[in-house]
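Below is one structure, written out as structure tokens; the observations come after it.
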Amino acid sequence: MAVLEMQRIRICALKKNRKHILELLQREGMIEVCDIIHEDDTFHKMDVSLPADLLRKGTSLAKDAIDILDKYNPENKSGSNMLKGRKEVSTSVYDSFAKKRDSVMKKCNRIVQLDKIIAESKAEITKLNTQSEILQPWLNLDIPIDFKGTKYTRSFVGTLPNLWKLDEIYQELAEEMPLNVDIISSSKEQTCIFVLCIKDKQEAVSDKLRSIGFSYPGLTDAKNPSQKMEQLQSEIQKNQKTIEDCMNELKDLGSIREDICFLQDYESMRLEKYNVLGRLLQTSKVFILTGYIPKKEANNLESKLNQRFELSVEFEDPDESEDTPVLLENNGFSRPIQDTIEGFSPPGKYEIDPTMITSLFYYVLYGLMLSDAGYGLIITSACGLLLVKFRTTIEETTKNFLKMFLFCGISTIFWGIVFGSYFGDMVDVVSNTFFGEKITIQPLWFFPVKKPMQMLLFSMALGIVHLFTGLGMKCYQCLRQKDYKAILYDVLLWYVLLGSSVVYLLTMKMFVDIVGLTFILPASVAKVSGVLAMISALGIILTNGRESKNPFKRILKGLYALYGITGYLSDVLSYSRLLALGLATGVICTVINKMAAMAAVGAIGPIIFIIIVLLGHTLNIGINALGAYVHTTRLQYVEFFGKFYEGGGRKFEPFDTNTKYYKFKEKMENG
Amino acid sequence: MDNYGIVFALAGAILAALLSGIGSAKGVGMGGEAAAGVITEDPSKFGKVLILQLLPGTQGIYGLLIAFITLSQIGVLGGKSDMSLAVGLLYFGACMPMAFVGYYSAVKQARASVASIAVVAKKPDQFGKAMIFSAMVETYAILALLISVLAIVGIGSLNI
């Protein structure tokens, strides 16, 4: 448990080595670049916005290309899997990729282009299909749709609304005979007709037709419908062929997917490098890089740099006033909780890294909330299995996540045994339902469902231990800052006040009766603890407003600080969630088991039993594991951190390879 | 009249499950709408927004729990079920914290969850803090659950 000590680093080197030095630093990932020195007449910063823009475009082009490839070849998707992790690649591969880059880039462009062609062809096909649908009713017409008639005749080609029969149409047009009517096709919505009349009567026929709702078709084409249809179909086929060709090409291009992934990483790494480049101070021959580095890495990096390049490296301890970034380091047991701490906020100045203590309580509290040996076993074995199976490839963050639940699971098993819960009362139910004899595994301590008051008391007692540890942490922090007054006034007085209040409660008959304790402390203890509480309360009133000079204000502030004891009360009560969530798990288990036992009748009884139990417990484990996670985090953030930890530090963000598919690091860091 | 005890006791159990269930259904629904919106933009946030969506879902489970404990205490799930009116009313009262607090806290927690989902949409790294805002509301549901459990278990050992 430690906040790593930081040093300022200044590297001054020749410009000709710039690329290689930056690449080395990037792979090491140990330096956070910062701008300590400002520009002046000699030293200038480079404008990198143009190349950075290009690289950003390149990155997104590669990303698009990968997405497209995955869309059309879903089977060979081998993207970044959380468990499989990123592939490790030697630096020589990185260096040699520069030659390949342009050709891969071209292929990316081609992929994006192909995708566009496919989309366009698909749109075209939709359009053609609509056209052919409109044409469909006219297929039987063997003359062009816009046929207007011959020398002595006039023809009308069009549609009538609704369904018409031939004789109905003749009826309507009876007065204008002689004429010829053909029904080309008919449906409920419309009837397509062809009417031929002599030219003299065309006005009259036209009027008649109009009066019964005749309209000309939307299509006008010199070709006759079936020819037109053929043409449409061939165009559709042509487009389909195009799509197929494009798809095939994309399938072929799928083989270079790995190269494109590499390109994306390559471009994003270069982008990061350019961003750093833009922050360097440079003259025509020399550049200076300033930044922060963890002290323990300093010598290592210096020797590496000196081995390969001619340069000057200087280290300095940062000033007190500086905004130094924070990097935490923890052992394997507490490391998983470090992300939770950083999720709150990295420790601020003068604060210690609380990861170790927090992790201890985290596992204990989590286990108490879930408190079922069966569930714990499932969580532990699942996480353990994954950790072992993917131990070589797994990503650091995933590993920590799994490790956290591994430890939480172990703690859950422990508390499950203490409180006698194995998938709730599964053993009782199974033995009673199927073997006719009830067997109960006795708990190591007691059944919380049977003695909720005792469990409540235990929860709150644990809460007091947690809170007192928080106060202890504050004490330690004050000690490190040599603020001895604060230790006395802000920590010790509170310890005395809270401790004596708890003891005083134990001497009260009413309280002991409520919680069902078997012992009561004698009245003499009550007197002593009462006096102690009074003295410490008075002390708090007098001292906790000590930053104010005005005595009146000071007392008021002290009184307000004493009012903070209500905060402690609500903090302690807040730990009752340990009981509530533990009960929730247990009782829902009981419900599931009971339902399963009730349904397990007859020959297929055991099968129904197993199905209900599997479904129910899967649901329960999911919900309660989530609940325990959320509320453990809350107890840490609100109750525990509230006592000593404010955070406010800035996380160390090194200049490194922020890649998606490949790892280029020469050495794995633990951060 | 003395037989009405069981009616009140059962009504209490059912209200606890009913109101908390309605509240959670509303809450999870609200969370789901917001979460789905985030997923259209960035499917990779699914895990985080799902957790936030589920947070207001616990009240329904607490309500179920209270209903179940009550049912088994009053003998509806097998056993004797004759009780005095007073005891029935006591059970009814004992279920009320969970019923009402369950309902309101689920709905209010859902609103906090929706706001937290908006936080995660913009700043996924602030997930931990966003989650706490929503979890704060749940405290009161847990306290109600606690009182309801203690009261229901306690009534069994009263001499009425």
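Yeah, the Cβs are placed from backbone N, Cα and C, and that goes for glycine too.
Under the heading domain 'V-ATPase proteolipid subunit C-like', TrEMBL lists B:12-69 (among others). Secondary structure of the domain 'V-ATPase proteolipid subunit C-like' (B:12-69), assigned with DSSP and counted as helix (H, G, I), strand (E, B) and coil, comes to 57 helix, 0 strand, 1 coil.
Here TrEMBL flags B:60-78 (among others) as transmembrane segment.
Here TrEMBL flags B:85-106 (among others) as transmembrane segment.
As annotated by TrEMBL, domain 'V-ATPase proteolipid subunit C-like' applies to B:92-150 (among others). Residue counts for the domain 'V-ATPase proteolipid subunit C-like' (B:92-150) by DSSP state, with H, G and I taken as helix and E and B as strand, are 58 helix, 0 strand, 1 coil.
For B:140-158 (among others), the entry in TrEMBL reads transmembrane segment.
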Q | Arithmetic mean of per-residue pLDDT over the domain 'V-ATPase proteolipid subunit C-like' (B:92-150) | A | 90
Q: For the transmembrane segment (B:85-106), could you work out the same-chain residues 6 or more beyond its ends whose Cβ comes under 8 Å from its Cβ atoms?
A: 1-2, 4-9, 11-13, 15-16, 18-20, 22-24, 26-27, 56-57, 59-60, 62-63, 66-67, 70, 73-74, 137-138, 140-141, 143-145, 147-148, 151-152, 155, 158, 160
